[in-house]
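S.K.: The region 'Disordered' annotation in TrEMBL covers 1-21. Per TrEMBL, the feature domain 'Protein kinase' maps to 120-438. Sequence annotations record features per position, and here TrEMBL assigns ATP binding site to Arg149, Asp201, Tyr202, Tyr203, Pro204, Leu205, Ala206, Glu207, Thr208, Thr296, Lys297. The coiled coil annotation in TrEMBL covers 440-478. Feature annotation from TrEMBL assigns region 'Knob domain' to 479-570.
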Amino acid sequence: MDGLLPSSTTTTNGNTKVINSFFPNPVTTTNRDYHINTSSLSQTPADYFVGVLDHQSTATSPQQIQIDNSNSTFFIADSIRDELTRRMAKIQEMSSETINIEIPSKVDVFIDLIQIDQISGASSFTFNGMISTVYRATNSETGQLFCLRRFHSFQPNTANTKLLMGTIESWKRIQHPNIIPLRQVFTTKSFGDSSVIFVYDYYPLAETIMSSYFSNQLNTIGNNSGGGGGGNHSTTTTTTMTMNGYSTSSRPYSQQQQNTRKYLPEQTIWNYIIQISSALRTIHQSNLAFRSLDPTKILITSGGGGGGVNGTHSNINRGRDARVKLSFCGVTDILTLDSIHSSANNHRAFIQHLQQEDLILFGRFCLSIATNSLTAFTTSALQRDNNHHNHNNNIQEYIDTIPRNYSNDLRNLILYLITFKTNSTSKPRSIDDIMPMIGARFYMQLDYFYLRYDYLYDELAKEVDNGRLLRLLSKLGTINERPEHQLDPTWSETGDRYMLKLFRDYLFHQCDETGKPWLDLGHIISNLNKFDIGSPEKICLISRDAQNVIIVSFEELKRCFETAINDLMQ
Ligand SMILES: Nc1ncnc2c1ncn2[C@@H]1O[C@H](COP(=O)(O)OP(=O)(O)OP(=O)(O)O)[C@@H](O)[C@H]1O
């Protein structure tokens, strides 16, 4: 129904009048009545082509009940439609610009590979000396889209295939709303080298936290290791930085201009904390560690624009309904296979150590978003490894800035996560420890998401109705004027199907008194609804040459329609 403007309505004495919405100069509806009653039957046939709109308040379809003075009661809210439309456009993007001779036409079962985010024009990511490239691809067997992360020139470790397969299976089993699931891992020579491909679910328009919040700071890393606050822009376009063991290429200056946001609302930070901690909890409970927690590996998959619970834009709610997901799951484990340990005890201790590292990285991540400083993440990452004392001093500077903008609770949570305990006798921390620190904010965020859920459900209901009408119209279009049935009496101009053709004219091809096309979405929708439910109400159908006039009920039309569509489907 997109593209058709909705009708507005007025209600007088229990009658709802749908006012022409479709065209700028609507025909006045006051004197129009499409209900076939004795008085209307006395009209001339031509009168029936004049606009006909008048809903009784005892409307029989949900669509009629929904109609009111506002467009938003008729169609899904603009903010949701915008986001979904942009997603669809992204999905359908098959741009010729991205045709790249280095990309094979088929990799395993995947076709139509398009490199995602070719920001610097080159593969931007290295891990353990391996270059990584991310593609969107279509599974040729199912038509589903996936995200393929390829590591170039991979030498598989054949020493422990059982452990490798076990690790892959453990990651594939993880299902969580804040984790992008790993579907498959395979090696391929399709790119002309020996590559390993990690297959993940694809999220159109997903944006990394890095590009969403920190792209304007990338070039300052390395030059600026002081206290919190965003850095100045540099006009350099190809700086390379190292973060958490990975090297990344920075964005061009034009891209850095996009996100110059100051401090995030505290609720948004708690929103991220709740979602990411929940993901880590599931990973840790599965005896695994994420090992890659940094701003480039956390994706905002929806709601980053701050639509708000009811679709209204507000800065206060910016990011409050953002959905975040951890990407890159399993990569470190599978590529390094460094979890090979002879005894079960060693293995447990090793995983526990990695989980502690996850908590520290999580703390650094929270610190960086709370201070709006990528340096808070990278400095602490580097300095912790080099010198604990300096590390603590510099981190303290960042932590001290938190209460200027946020609660002590947030500060304490970050401090708890970030504090690196060297004492091997101290009890290992668990992600569950932070639950009491989040406290009642869980409820606040949950309430917020429930409200959003209810709102989205209501919006969905409108489109369900529109979807029903689209299916009805598709069937009607399929039946009408099929050339191969021209000689078949049941399909001919005198048969049952003829009425459906006249009904099509009745819906779409009416003219006003002056012979001008009369277009009204309300007329179309209300009559389609009556047709769909097979209302006993009658209408008058007139042939184009005005020689045939047929009085028929919607019920009868529906019977013709069902017979016709059943015939076609056999
Ligand atoms: N599952 C996914 N669905 C959709 N897009 C994804 C998915 N995983 C990653 N992406 C997108 O692919 C792009 C590249 O991902 P990557 O993890 O390499 O991030 P990056 O910011 O380019 O990091 P780096 O600079 O370290 O390479 C990012 O724009 C990210 O949003």
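In case you wondered, yes, glycine gets a Cβ from its N, Cα and C as well.
Are these features on the surface or tucked inside, and what are their neighbours?
M.R.: Around Ala206 (ATP binding site), a 10 Å sphere centred on its CB holds 22 further CB atoms from the protein chains shown.
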S.K.: Of all the Cα pairs drawn from Arg149, Asp201, Tyr202, Tyr203, Pro204, Leu205, Ala206, Glu207, Thr208, Thr296, Lys297, the residues the record ties to ATP, which distance is largest, in Å?
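M.R.: The widest Cα-Cα gap among those binding residues is 17 Å.
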S.K.: If you skip the near sequence neighbours and keep only those at least six away, which residues in the chain come within under 8 angstroms of Tyr202 (ATP binding site), Cβ to Cβ?
M.R.: Arg136, Leu145, Phe146, Cys147
S.K.: Scan Pro204, Ala206, Thr208 for binding-site residues whose C-beta lands under 6 Å from an atom of ligand 1 and note them, or write none.
M.R.: Ala206, Thr208
S.K.: Counting by DSSP, what is the helix, strand and coil composition of the region 'Knob domain' (479-570)?
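M.R.: Within the region 'Knob domain' (479-570) the tally stands at 46 helix, 12 strand, 34 coil.
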S.K.: Which residues in the same chain, at least 6 apart in sequence, have a Cβ under 8 Å from the Cβ of Lys297 (ATP binding site)?
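M.R.: The list for Lys297 (ATP binding site) reads Thr208, Leu326, Ser327, Phe328, given in order along the sequence.
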